[in-house]
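K.L.:
Sharing a structure below in C-alpha cells format, with a few things to ask.
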Ligand SMILES: O=C(O)C1=C[C@@H](OP(=O)(O)O)[C@@H](O)[C@H](O)C1
Ligand SMILES: C=C(OP(=O)(O)O)C(=O)O
C-alpha cells in the first residue's frame, strides 16, 4: 500500500492519543511469562513483533518464523536452547537472515547449548536442540547488540546456577540491558550489574511476585508503559507544528524503563515541552526553532547544530534526523554503529531518502551529518526498505509539504494503528 499524506494543520489543539505498550517490555515479559506462568501482563503491545513472540511461545510447531522481529529472534534463541527435549528451527524474513546472531549463539554454546546454522554461518535460520544448561559463566562482545545480552539475562533465572556475564568492549544500547534487569527485579529475581559484569541469581519459584523487591504480591499484573519510540513520531509532529500545538499521549510515567524517554529532554531543543500529568504526557510546542536552537554546539564558521550521541537510544535516530531536516537545522548524530544491522541499513536509507527530498547528508559507519536547508521537495515517494521506522519517521514531514510513503503497511511491526491515529489528529491520508 502506497499512500499520500497531504499538507495538514493539526486541527485540534487538545488532541490525545493512546499508544500501545512498549514492544521491548512486552517481548521481555512474554518470555518471562513462559518461564514463570503466573505472571500477568497489562497493556501488552499490539505490534507485529509482540504477536510473533506470543505465537512462538504458544505453538507446538517445530518451525517458528519470527519475520522481522529482532528481539523475538534473539530472545527465543536463548529460550529454546534451554527447553530440554524440544527441537525447533527458528527462522525469519530475508532481512532477518542477514542480521548477525553468532555472538549470542557462541555464548549459548559455551554454556552447553546445541545450536547449528541451517544456511549461512553466524546467521539465522537456526536449528536448536533444547538442553538443560548447567554452566554459569560466559564472556561476550557487548558492542554489537544489547539484545544478545538481554536474551541471556532473561533465561538466567531458570539456569541451574544462575549466570555471570562478562561484557567485552563498549557496551551498546545500555538502557535496554537495564530494562531487562529491572523487569527481572520486579518479579523477584536478584541481579547485579557493576562495571562490565552482570550477575543474575537462579530463581526456582514459579510464583515470582512473592519475592518481588517492589512489594508486589503474587499474581499482581505487570503493567507495561506505552512505547516511547512510538511517541517519538508525535514529538516530531509537535516540533514541526505551530507554537501552541498540543498533543497528549498515554500511558506514560516519569520514571521510565525505556531509554527512548530521553526524547523529553532532546526535543526541548526543538521547542517541545513535555509535562507529565497523571498517566499521560502533554507535548506542547512552546518556542519557534530556527537555525539556532537553544542548546547547540558552535561549528566551523559560526553555524549551529544539534549534536547527539544516540548509542543509548538508536531507535529514535531516524525521527530526530527527519525532525532536523523538517526544521531546516543541521545535526550530527553519532553512536549509530548498530543502525546498519537493524531492519535495513538505516544510515544508507536515511541518506538516500533525505537526499531525494533535497537535503544533504553524509554518513560514516556510525554517524550521520545533515546540513541545514530550507527547501523540501514536494510529492516525493519515500521508500521504506521493510523498515517501520522509515515510514513512521518521514510521515511528520507532511506538515511541511505533501509527501508519499511507499509500502506504508510496514508500520505494523511496532505501531499498527499509526495511520488511523494520524487521521484522528487531522492528517489527510489517501491510498496512492
Ligand atoms: O532489547 C530491545 O528491546 C531492543 C534493543 C535495541 O537493539 P540493539 O541492542 O541491537 O541496539 C533496539 O534497537 C531494539 O529496537 C529493541
Ligand atoms: C531495531 C528494531 O527492532 P528489532 O531489532 O527488535 O527488530 C526497532 O524496532 O527499531
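Cβ coordinates are placed from backbone N, Cα and C, and glycine is handled just like the others.
Taken from TrEMBL, the feature phosphoenolpyruvate binding site applies to 23, 70, 99, 147, 346, 389, 413. Annotation comment: TrEMBL describes 23, 24, 28, 145, 146, 147, 173, 315, 342 as 3-phosphoshikimate binding site. Annotated domain 'Enolpyruvate transferase' per TrEMBL: 59-422, in sequence order. What TrEMBL lists as active site, proton acceptor is 315.
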K.L.:
Taking the Cβ of residue 23 (phosphoenolpyruvate binding site) as the centre, count every other Cβ atom within 10 Å, in any protein chain shown.
P.N.:
27
K.L.:
Can you list which of these binding-site residues (23, 28, 70, 99, 173, 389) have a Cβ closer than 6 Å to ligand 2?
P.N.:
70, 389
K.L.:
Which one is closest to residue 346 (phosphoenolpyruvate binding site) in space, judged by CA to CA distance, out of the recorded positions 28, 146, 315?
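P.N.:
The answer is 315.
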K.L.:
List nothing but the largest Cα to Cα distance in Å, as a whole number, among the residues 23, 70, 99, 147, 346, 389, 413 that the record says bind phosphoenolpyruvate.
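P.N.:
The phosphoenolpyruvate-binding residues span at most 20 Å between Cα atoms.
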K.L.:
Which one, from the binding-site residues 28, 342, 413, has the smallest tally of other C-beta atoms lying within 10 Å of its C-beta?
P.N.:
342
K.L.:
If you count Cβ atoms within 10 Å of the Cβ of residue 147 (phosphoenolpyruvate binding site), leaving out that atom itself, what do you get?
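P.N.:
Around residue 147 (phosphoenolpyruvate binding site), other Cβ atoms within 10 Å: 27.
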K.L.:
Rank the binding-site residues 99, 346, 389 by how many other Cβ atoms lie within 10 Å of each Cβ and give me the one with the fewest.
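P.N.:
Result for the binding-site residues 99, 346, 389: minimum number of other Cβ atoms within 10 Å at 99.
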K.L.:
Might you list, by sequence position, any residue in that chain lying six or more from residue 173 (3-phosphoshikimate binding site) with a Cβ less than 8 Å away from its Cβ?
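P.N.:
Result: 145, 146, 147, 259, 311, 312, 314, 338.
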K.L.:
How many Å separate the Cα atoms of residue 99 (phosphoenolpyruvate binding site) and residue 28 (3-phosphoshikimate binding site)?
P.N.:
20
K.L.:
Please list, in sequence order, the residues in the chain of residue 70 (phosphoenolpyruvate binding site) that are at least six apart in sequence and whose C-beta is under 8 Å away from its C-beta.
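P.N.:
Long-range Cβ contacts: 49, 96, 99, 145, 147, 342, 343.
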K.L.:
Show which residues of the chain containing residue 315 (active site, proton acceptor), separated from it by at least 6 in sequence, have their CB under 8 Å from its CB.
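P.N.:
229, 232, 260, 389 - these are the non-local Cβ neighbours of residue 315 (active site, proton acceptor), listed in sequence order.
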K.L.:
May I ask which of the binding-site residues 23, 28, 346, 389 have a CB within less than 6 Å of any atom of ligand 1, listed in sequence order?
P.N.:
none
K.L.:
In which DSSP state, out of helix, strand and coil, do we find residue 342 (3-phosphoshikimate binding site)?
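P.N.:
Reduced to three states, the DSSP call for residue 342 (3-phosphoshikimate binding site) is coil.
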